[in-house]
Amino acid sequence: MIIVMDENYLAKTWHSFLLAVAAIVIAYVGNAYGSQAMPYWQNALFVVHMMAFFAFIVPIWVNAPLATHEQVWNEFEASGGWSSMGLTIMVGQLTGIANQLGVDSAAHMAEEVREASISVPEAMISIYLINFVALLPTVITVCYHMPNVDDALNDGTGYPALYVFRQAATPTWTIVLLAVIAFIFIASNITYLAAVTRDLFAFSRDHGLPFSAWISKIDGRRHVPINATILSSGVALLLALIYLGSTVAFYAIIALYTAALLQCYCFSIGCVLWRRIFHPETLPPARFSLGRFGIPLNGFAVLFSGYCLFWSFWPQEYPVTVENFNWAIVIFGIVMIIALAYFVFRARHKYVGPVSTVEGRKERRE
């Protein structure tokens, strides 16, 4: 937004740090003091989200220069330095994969949702379908209005889609839309923090983390996992401080995001698949059931998550340098070693699985 208003603006790391701190504070306050109002403003935010979708694509189709069908569907350019177009596509899909992650966020709030066994899976499927229906025409719109890819990639904002929109809209309208998008992102941070803190709380309640007693504390007045909220916000602030000191170290750490979520999908869905096949009697009756398609869909999900996990460790460019190396595999390995060590020497003696705490389930010890 600042670059649109002043093309000579030179962003500095401390500018980004201050913006990150502001976003962290807003997310913390929204969770600690406004959690009860969250369902109401989320519905309003969804309406704003859909309005912004049309406010983005309509001006582009009306005013932006068009690319040809040949350019959109038949011209491919490998600009990452990889030896083949196929390899370039495999590596380049990481951005698209990362954008689809987190669709399970509704499940993190299941303990606070009425009729969660039905409403949560319905919400997850609905969210995915709505965003897919919106995303596909958005991608087509951007591709059809980017006749010069190099100009778009070299745009001062760093965002080719924003370059396309600037060709179609006035600076004022561009700033208005960017302000709306920024508002959506900031509000989304509140819900992301809520989802993360519920994970932390639930895992700590079952003694799965260090300092579980402190992390799992609930604020008696506001009914939120306040210490989990403080911890998550503190980690985010620490990451912002790392960015202030070294952008290379910061991007090395956040590179773990995609890989970490994908391995969670592999493990969690894989465990359900294993029980479906070998121990179906240990699974509770499902009010929202995939029926006979359950095993094939679970199997495909595990295979596809594993496939995506493999590519998530690849660097985006070749030749590989310290600056463009994908450090996710290093950080992932370190975290896995620490987690396994903690499990072997401590957690396995204290951890109590959540299944035994679900009402109506027969406790099973194997």
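Backbone N, Cα and C define each Cβ position, glycine as well.
Just so it is clear, the model here is predicted, and its values are computed rather than measured.
Residues annotated as transmembrane segment in TrEMBL: 14-33, 40-62, 123-147, 173-195, 224-244, 250-274, 295-313, 325-345.
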Dominant neighbour of the transmembrane segment (224-244) in 14-33, 40-62, 173-195, 250-274, 325-345, by Cβ pairs under 8 Å: 14-33
Seg_contact(the transmembrane segment (173-195), the transmembrane segment (250-274)) with at least 3 CB pairs under 8 angstroms, min sep 6: no
Please give the sequence-distant neighbours of the transmembrane segment (14-33): residues at least 6 beyond its ends with Cβ less than 8 Å from one of its Cβ atoms. 185-187, 189-190, 192-194, 197, 219, 222, 224, 226, 229-230, 233, 236-237, 240-241, 243-244
